[in-house]
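Visitor: Take this structure first; my questions come after.
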There are 2 protein chains.
Amino acid sequence: MTSSTNVSRFHEARRVAIFGGTHGNEMSGVTLVNLWIQNGKEIQRKGVETKPFITNPRAVEKCTRYVDTDLNRAFTTENLSAPSGDDLPYEVQRAQQINETFGPKGSPEAYDVIFDLHNTTSNMGCTLILESSKDHFNLQMMHYIKVNLESVYSLSLCRFLNKNMIYLKVLNVFISGLEVGPQPQGVLRSNIFESMSEDDVVCCLYCVGLEFPPCTVDVFRVSEKMDYPRDTNGNIIAMVHPNLQDCDWEPLNPGDPMFQTFDGTTIRYEGAGTVYPTFINEAAYYEKQQAFVTTRRETLAAVFPMTQLKKNIDN
Amino acid sequence: MTSSTNVSRFHEARRVAIFGGTHGNEMSGVTLVNLWIQNGKEIQRKGVETKPFITNPRAVEKCTRYVDTDLNRAFTTENLSAPSGDDLPYEVQRAQQINETFGPKGSPEAYDVIFDLHNTTSNMGCTLILESSKDHFNLQMMHYIKVNLESVYSLSLCRFLNKNMIYLKVLNVFISGLEVGPQPQGVLRSNIFESMSEDDVVCCLYCVGLEFPPCTVDVFRVSEKMDYPRDTNGNIIAMVHPNLQDCDWEPLNPGDPMFQTFDGTTIRYEGAGTVYPTFINEAAYYEKQQAFVTTRRETLAAVFPMTQLKKNIDN
């Protein structure tokens, strides 16, 4: 990777992986990656080795999110350094295998970029998820994709959401987590398929060799995880309020309706200021005690000086 | 049950069961029935014993459609007469237990009515599903509910869809299968919850004691099961066409787009005449090789003469 006068270039990305089926019931990524495994012409770029890969084949076969544990939370240092064996949960075994194949981070044989394709039942549109506001190269690339693609609705920073959420943390330098919804689990909708295939992944590959000038980037930074209201036994006693349902990325102000109890009582948002909820009523997050996350809008300056670049490469 | 001059009355329904969780990830019925188990005031009617019941508790716990096999296809005569035991698939054991508790059909201790609450990922609105066009009492009751409730979009006759689909076949005389959607599996949406709770089930209970005059009823009769286009290995090669997606109950004419292959080719409907597709792109039907079912519109005369009534009761 080179940089001159704060211009970032993506031409050192020689090996790019595209992951589908990290959650086996998120059908757009599963379908696209399977199609590309059969015929990779659409994702081939000169000078780039592109590898489409089904990360959780058993979950895909069962059309379920995971078999033993959530693969997208399994890339912990502890899991990756555990003695391997069949007695480990299936997804921990997979995490170790994926780490060996596409990592380990910092090794010469590690892949340069991973695109990880996800669907959500939330009405989030097309969202690129980054982990770090300090990764200026990634920010510039995401900004480039967003301004060139009307379908990309939002950039979200999830670094504070879950420290083990993103592969990047352990595996690689550059990653784009892509969430597209709404789409029910186990369903393939043509509109979601189109926006994921034509616009995003393939466009990311076109970034290879492009120069990204310094820019400012509007992002939603994840702030707080909001659980459903519960009784003393832990049972959910309210639903996402109809005024909030499907309103991902729209402002939620103090006093706005947030939940509705089963007997019709409105529970209002009591935070200190305006937030922008997302992952609203995502099916997979009921078990994670999460009704939605709040985010706050932020504008970041993405300038990629050589020193930062060098540091990123070295790390 | 009595009838005079072709008027049907519902006042002999002394024992009514309300089933939720027949599919453990269809959350409206699961939630409603659990609420009614805690507090049944809303569904209590004078002279009627109303029993809310979770039919597949293990599937509910796992938030999955089923554990071993689809409970809603398990009520076969063969299953119900099989020697009971722990080696049977879980849902076959449940079918036997449910048959003992709420049936068996024709026995004095059998329940009179079962309401079975379902959700679908399809954009079907609120659909009451009947098995038989010959069950005039049920038709009249459903007609009463439909004309009194704007939210009930359609009545569907499924008797030709799957001979083991409906409990009625084995268990009871009167049943209403209720499908409400769209709602992703594992998600509870307030709008779907409201339409299922306020409008339908409770309204059905209000029918007890009402008189239903003879009437004509517009129904959609299930005609044909349509699979996704597949390659020679059985892999799906096309999605529901965007023109058809979410258009449940709308006319599909010969020549109209039906599927779209992954490379963008349109596959058109080539049937002989207009049909009305439904269960379009339902998540649970991928494994059943079903992209949607076609239905045809029909108007039935629902007259409930004493002889028919008597026959229904005796059978």
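Cβ atoms are placed via backbone N, Cα and C, with glycine included.
Dumping what TrEMBL says about this protein:
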ACT_SITE  A:E179  active site, proton donor/acceptor
BINDING   A:H23, A:E26, A:H118  Zn(2+) binding site
DOMAIN    A:13-197  domain 'Succinylglutamate desuccinylase/Aspartoacylase catalytic'
DOMAIN    A:216-296  domain 'AstE/AspA barrel-sandwich hybrid'
Visitor: Pop the Cα-Cα gap between A:E179 (active site, proton donor/acceptor) and A:E26 (Zn(2+) binding site) into the table, whole Å please.
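Guide: Computed Cα spacing between A:E26 (Zn(2+) binding site) and A:E179 (active site, proton donor/acceptor) is 10 Å.
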Visitor: Roughly how many Å separate the Cα of A:H23 (Zn(2+) binding site) from that of A:E179 (active site, proton donor/acceptor), to the nearest whole number?
Guide: 12
Visitor: Can you give me the Cα-Cα distance between A:E179 (active site, proton donor/acceptor) and A:H118 (Zn(2+) binding site) in Å, rounded to a whole number?
Guide: 5
Visitor: Using DSSP reduced to three states, classify A:H23 (Zn(2+) binding site) as helix, strand or coil.
Guide: coil
Visitor: Let me make sure I understand the structure: which of the recorded positions listed (A:E26, A:E179) has the fewest other Cβ atoms within 10 A of its Cβ?
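Guide: Candidates: the recorded positions A:E26, A:E179. Fewest Cβ atoms within 10 Å: A:E179.
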Visitor: Which one, from the binding-site residues A:H23, A:H118, has the smallest tally of other C-beta atoms lying within 10 Å of its C-beta?
Guide: A:H118
Visitor: Within the domain 'AstE/AspA barrel-sandwich hybrid' (A:216-296) only, compute the mean pLDDT.
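Guide: 95, rounded to a whole number.
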Visitor: Can you tell me how the residues of the domain 'AstE/AspA barrel-sandwich hybrid' (A:216-296) break down into helix, strand and coil by DSSP?
Guide: 3 helix, 32 strand, 46 coil
